């Protein structure tokens, strides 16, 4: 076998020709790796030269193929010929397909990062709860509670990515996006119940001061917490991205670019948000470490433990308030904070042949999936252009303002006639 392979490579080398390879765009080649004829040479790279001047072509093509030179016939582009199924499949928009493939690849990378982060958070959160219980430290357990909020946020992000691939059903025609909102409400409620219990214990310790804390275990647990959060920061850090601490757009700026509201930015934003949460956990872990150091070497200052519980409980309440507010807005079908209804109406009015925008309703199926229903009236006499107007309005809502879905109703403008209701006439008489 080895001798046969060496003989094939030798024959291939002897067949090489230094003449430049000339091909036209109609030449056919077999790129199959399994060539039946051993006499044919194999190649992994191919250089194609396209020229208008036929004199540049060598008399014998270097690869043994007999290519026929043909002039470009642009008239074929003007002919309206029916396309076969195979041709239709080639006519698919490659940019759209490529963007979907890139989106799937991004989601896989994001899911991998967030899954690793969730596992680390879960393991260390359990370790902190056990260490805090053994050390009798409320500060350690409050830090674990804050870590629970970050773990919930990551799980909700993974849930949203998973639900985005699920198709709607006959009963749930919008899909299962609101399940993310329901999960957020349950997780925040659980966090508040645990926080209330820890605050109650902290108040009891502050009043009675009858407790002992194992400073060694508290110090070791706090030091491990700092190390874990540093690892989380490196894991979630995205080189080349600017890590902003604001997760919302200003209300007077309805958009920041094309398709700003779609999910191709959601992956980086999800990891970025988790990175910011990891920074917050790092600061809190450093605070617990300082308190543990004080209690370890100055046991009489054990009041630092309930004080840390108060401070960190406020931090947990502050970080979860935004989740509660966003959840309430979604449930009440309010307009997302980064969209401006008046600005969108003005943009729709600038479309040619649009007379007025009668109704515009905007809400969110879930976080990052705004939806719109709009009723547009056309200028009288422009009914024949309704497809063009609808296409422009749809492009504006989906691509410019980042709507996840939109429904557009069009009708010709009709001047309202002042008509008096028959009941009103009878009552007035």
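Cβ atoms here come from the backbone N, Cα and C positions, even for glycine.
Bear in mind that the values here come from a model prediction, so they are computed numbers and not experimental data.
The Zn(2+) binding site feature in Swiss-Prot is assigned to 146, 150, 277, 281. What Swiss-Prot lists as region 'Zinc binding' is 240-264. If you look up Swiss-Prot, you'll see 1-113, 165-178, 238-274, 332-429 marked as topological domain 'Cytoplasmic'. Summarising the annotation, Swiss-Prot assigns topological domain 'Lumenal' to 135-143, 200-216, 296-310 and lists a curator's inference as the type of evidence. Annotated transmembrane segment per Swiss-Prot: 114-134, 144-164, 179-199, 217-237, 275-295, 311-331, in sequence order, evidence recorded as sequence analysis.
Count of Cβ pairs under 8 Å against the transmembrane segment (311-331): among 144-164, 179-199, 217-237, 275-295, the largest is for 179-199. For residue 277 (Zn(2+) binding site), the same-chain residues lying six or more positions away in sequence with a CB closer than 8 A to its CB are 149, 150, 153, 319.
Across 144-164, 217-237, 275-295, stretch 144-164 shows the highest tally of CB pairs under 8 A with the transmembrane segment (179-199). Through the fold, the transmembrane segment (275-295) approaches residues 117, 137, 139-140, 143, 146-147, 149-150, 153, 213, 215, 218-219, 221-223, 225-226, 228-230, 232-233, 236-238, 243, 245, 301-302, 304-305, 307-308, 311-312, 315, 319 of its own chain, all at least 6 residues removed from its boundaries and within a Cβ separation under 8 Å. Counting residues 6+ beyond its ends, the transmembrane segment (144-164) has Cβ neighbours under 8 Å at 107, 110-111, 114-115, 117-118, 121-122, 124-125, 128-129, 132, 175-177, 179-180, 183-184, 187-188, 190-191, 194-195, 198, 263, 266-267, 270, 273-274, 277-278, 280-281, 284, 312, 315-316, 319-320, 323, 366-368 in the same chain. Just so you know, the Cβ of residue 146 (Zn(2+) binding site) picks up 25 other Cβ atoms within 10 Å once every protein chain is counted. Residues 137-139, 142, 198-199, 201-203, 205-206, 209, 211-213, 215-216, 218-219, 287-288 of the same chain lie 6+ residues outside the topological domain 'Lumenal' (296-310) yet bring a C-beta within less than 8 angstroms of a C-beta in it. Listed as Cβ neighbours of the topological domain 'Cytoplasmic' (165-178) (distance under 8 Å, sequence separation of 6 or more from its ends, same chain) are residues 330, 365-366, 369.
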